[in-house]
Amino acid sequence: MKLSFSAEDEQFRAEVAGWLQDNLKGEFARLRYRGGPGDEHTYPEERKVWEQKLAEGGWTCVGWPKEYGGKGCSIEQQVIFFEEYARAGAPGRVGHIGEGLAGPTIIAFGTEAQKQKYLPGIVAGTELWCQGYSEPGAGSDLANVKTKARFDEVRGKWVLNGQKVWTSLAHESDYCFVIARTDPESVAHRGLGFFLVKMDQPGIEIRPIEQITGTSEFNEVFFDDAECDAGDIVGAPGDGWKVAMGLLGFERGVSTLGQQMQFQNELDDIVALARENGAADISDIRQRIARAHAELKIMRYNAMRMLSGHSVSDGSLQKEALIYKLFWASWHRSLGELAMDVMGPECEILEGAPYELSRLQAMYLFVRSDTIYGGTNQIQRNIIAERGLGMPKEPRPALK
Amino acid sequence: MDFAFTEEQEMIRDTAAAFLAEVSSSEAVRRAMATESGYDSALWRRICDEMYWQAIHIPEAYGGLGLGYVELVAMMEQMGRYLLCSPYFSTVCLATNALLVAGNEDQKTRWLGELGAGQVTATLAFNGGSRSWAADSITASFRREGDEFVLNGDYRYVIDGHTAGLLVVAAREEGSSGEQGISLFLVPAQTAGVRRRWLPTLDQARKQAAVTLDNVRLDGTSLMGACGQAWPALGKVLDLAAIALAAEQVGGCQQLLDMTVEYTTERVQFNRPIASFQAVKHKAADMMLKTEVARSAVYYAACVADEALRGGELGAELPEAASVAKSYCSDAYFAVAGEALQLFGGVGFTWEYDVHLYFKRAKSSEHLLGDGSSHRERLAVTLLDQGRSS
Ligand SMILES: Cc1cc2nc3c(=O)[nH]c(=O)nc-3n(C[C@H](O)[C@H](O)[C@H](O)COP(=O)(O)OP(=O)(O)OC[C@H]3O[C@@H](n4cnc5c(N)ncnc54)[C@H](O)[C@@H]3O)c2cc1C
């Protein structure tokens, strides 16, 4: 076991930190610590400009292979990049769905033409993506999607009809990757397709949904004869589920080290507040702060274990990776509660009307979604028990 | 950065697991725990003479194997998994660490030599019967009389104190308090004035004793380090030991999880294996989460401990890493043991099934060297009190 980084990597760290110091200022200074989860409605235009600034510096898609415009960074360097990015308080990335999900999927499963068409815009930070999976009838049971895709032989285009819901940042996005049923007779995960769809077209309507925070980051998206080209399906019709699941495997936790740095910033705020307002003298609060601190440390060690794992080559997650989402989501949710309890009765008082939340108030509300999106805590436990421990699957009624 | 076992470390772990599966069966554990000494001396001889585990992290210069703390932790994890009854924790994780940290050259040459050769077992006595496990738990005292030291006082919770051949004891200068005035001494168990009494315990697989020093006279060669200034060294030893204990706790968690998955997969109720009920699966998933998180905490702490002993930079994190690991692992082990007992149903409540052995070990190791909340309080002091006027 070796915990230290090589001299070369430390040099890289200095380079990242230096670039951020030189660039995260002037017009961008007010973006510091903004736009993260729960705050994504803040400064969207400015953050798009920042995304392009990053691209100019060569700091988008650092983990992608060089041949696709990435930086080809090693795991260690990616860790360093995300850590330094968060340490500097650099803003939430508007391009993260393209860089982290859409791009890697296209690289892994896409055609040469799809790579040419879509990857450069992600690397340049000019084209933003959203994820069109969930539907009113397909949440945890994602395979139950009803949105249909029909190939129109005459026009040579795929035509989509149906509805997506909870689509984060759809209103800011240029493209959406959508799973839809290519075989209208099919059920469950058979007969699905994975589509790359342009958002700005007559067949798509986006309606924002107001969230628990009073702001809107996610939307309903309606497809009414929406179109994409014949070449915009990733994999064959019927392969959609395989492609969508392959995508989940790309989240190996590299970027989570940056997320942890953001968690650390939040915990630091809570500690500072507790020292100031006397909550630090209450034994229950002391225990909870110490627990949050200890578990955040361990979260980092756990991520380091995930990244160092030697046995990931078969694509299956190791045990420490399987538990990771459940661990961080539950941890973060308790941090929100801790923040309120450290504030005491002051936690009720808003920054302003009608519903202007402080950073900690927004965090407290937003973390409730961490245990819901990306597989709820219950679904995570099902996966851990079935894949991690080999326990029998829930008996299901036979498919009709 | 490469935060995974090397091939050699994996080999050490696998060898330990295979050996322990053979020699530390449920029957062997039950036989050993029913005795007052608490271990099978023939097995201990095999461990010392064939496996050299007692010498694992003693430097080669003193006749040891010269391996690191990561290897020691890998070993402890397996011992926790198989509930090995032996004086290993007391001899290696308490006394040997004390010698490594606080012994002078002569003391190391003599005692590490004997310990490494398996000629003697040893332990550490310091707590006079307090829940604190910190400096203020030391109540035994010493005074100087000419060239001699005279020690008096009582110790409780001394692991293997009734069988150890060598006692490393902490005592405070008469009239001192807190972290001041503490010294460490090497006391062969046969020294006049040393009285030892086995204390029957809830967890029978780890033996504890009360030790009384009644005008024990020692010459200057017994004193470890500068007189009255041993607390920082002793604190370090306790942190190192807490990390080893946390590794043992991780091994216990893993064994309970494996046993529970196996049992619930076989046991059928309502015409289904009970493992197919979601209420059962979700408990098992939480057990796995706690086990893996505990393991991450311990492996990191092991790297820190290794550097702390070798003088590396990361060694500065020792107190924090020890408290992070011991607090998380203590709570995790007890929670996992409680869930296991529940999921075994009635048989989990019997003496015949092994669950209770782990359930009892979980509680005993939780309270040994400080429970979860005391370690969290230690973290809280650093986070919340330093530099704050209240
Ligand atoms: C902030 C936010 C952003 C999101 N962004 C996106 C996005 O960009 N794109 C997108 O496609 N989706 C997005 N989602 C949707 C998200 O993935 C779904 O909300 C999630 O999968 C849960 O589905 P559901 O809301 O329909 O809840 P349901 O599936 O109806 O679940 C309701 C409750 O039942 C439980 N439950 C369901 N099935 C089981 C089971 N088998 N066993 C035990 N318990 C069960 C769940 O755990 C939950 O507690 C977002 C959601 C949120 C909150």
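Just so it is clear, glycine is given a Cβ too, placed from its N, Cα and C backbone atoms.
Taken straight from TrEMBL:
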type	residues	note
DOMAIN	B:6-118	domain 'Acyl-CoA dehydrogenase/oxidase N-terminal'
DOMAIN	B:138-201	domain 'Acyl-CoA oxidase/dehydrogenase middle'
DOMAIN	B:231-381	domain 'Acyl-CoA dehydrogenase/oxidase C-terminal'
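According to DSSP, the secondary structure content of the domain 'Acyl-CoA oxidase/dehydrogenase middle' (B:138-201) in residues is 0 helix, 38 strand, 26 coil. Confidence for the domain 'Acyl-CoA dehydrogenase/oxidase C-terminal' (B:231-381), expressed as mean pLDDT, is 98.
Across the domain 'Acyl-CoA dehydrogenase/oxidase N-terminal' (B:6-118), DSSP assigns 83 helix, 0 strand, 30 coil.
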